[in-house]
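Notes to accompany the following structure.
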């Protein structure tokens, strides 16, 4: 059972304000107190916050293939063990394990593995929670494949999706697809009926088709700017529609590579902090040295902050969530409340779990992260358990 904790003298980023020199109490894995005054009840452990640190809701990464040597498509318990245990280092307290376009049997194995791991292993770990699965492909456009292997791309297939969702035990929460590959929007309509997010991505659709897809139930955009038709003033394409259409919540990889800092700022200005979600889209090389790694059956060369296929195509990222938050502070001068929105609250709302995650609120899961003024992670708490403490946090 998680111990009772008291975090004291810290700036607390709540839904509506930043409480200075506040207190957050944790009992039985839940937030029990958020106050400007010290609670009267005793706690088994007290955490004195470092000077100028900030308490945020735990970050939720809804689009992550892997990191630290692991990849969702490895379809092994050790893969999810690694992701769950290492993601708190970057402030992530929950995530969607993300697949890639592959041979159908390989996708099935990854889905079954996630279901079985969550049932058998997760409760014994003190790390990030697996909220479900983001199925990226294979129902995408070969014209905008990006790093999705073209040989396994196929048109949308509702029956195949139903099979996969059964194998996943209902864990598929987001499906990235191209609407032009979904005849009569059959899959989009099915996803809406099942309360699964239909995300437009790896698509060459025009604005009219996307607007029709939104009417059918599409509500999300996968990694804005990447693997999609570009903006033109006479045909806004996917980018223009994502920015201007109020019906779409939009993902963004804020690494300064997948999108220029000004493009990231434009996304923030257009969508505001209520309809933008930071993601990493990271692959297994995150946290490792430069070198050649496998991603979706392809060789990816990692140098510095970039991961590229042999033809120069970007192949996922090696971004960490706290780095994305820092970049957005730099690119947009946004507030800490904005950061809480785009790293946690919006994802929780989109997934329909805002009743238990996504904000520093009494009664919710104690998923919390303490960061420095430049978004370095100092301490991460997952469901009331201390999952990560930085080496520099000697005073805690």
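Here the Cβ of each residue, glycine as well, is placed from N, Cα and C on the backbone.
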Co-listed Fe cation 2-binding residue [Swiss-Prot; alongside 136, 202] among 223, 232, 233:
223
From 255, 281, 290, grab the residue that Swiss-Prot records in the same Fe cation 1 site as 63, 65, 136.
281
Minimum Cβ neighbour count within 10 Å among the binding-site residues 202, 234, 258: which residue?
234
Where the distance is taken from Cα to Cα, which of the binding-site residues 63, 136, 223 turns out closest to residue 234 (substrate binding site)?
223
How many Å separate the Cα atoms of residue 258 (substrate binding site) and residue 202 (Fe cation 2 binding site)?
14
From the binding-site residues 136, 147, 202, 223, pick the residue whose C-alpha lies nearest to the C-alpha of residue 281 (active site, proton donor).
223
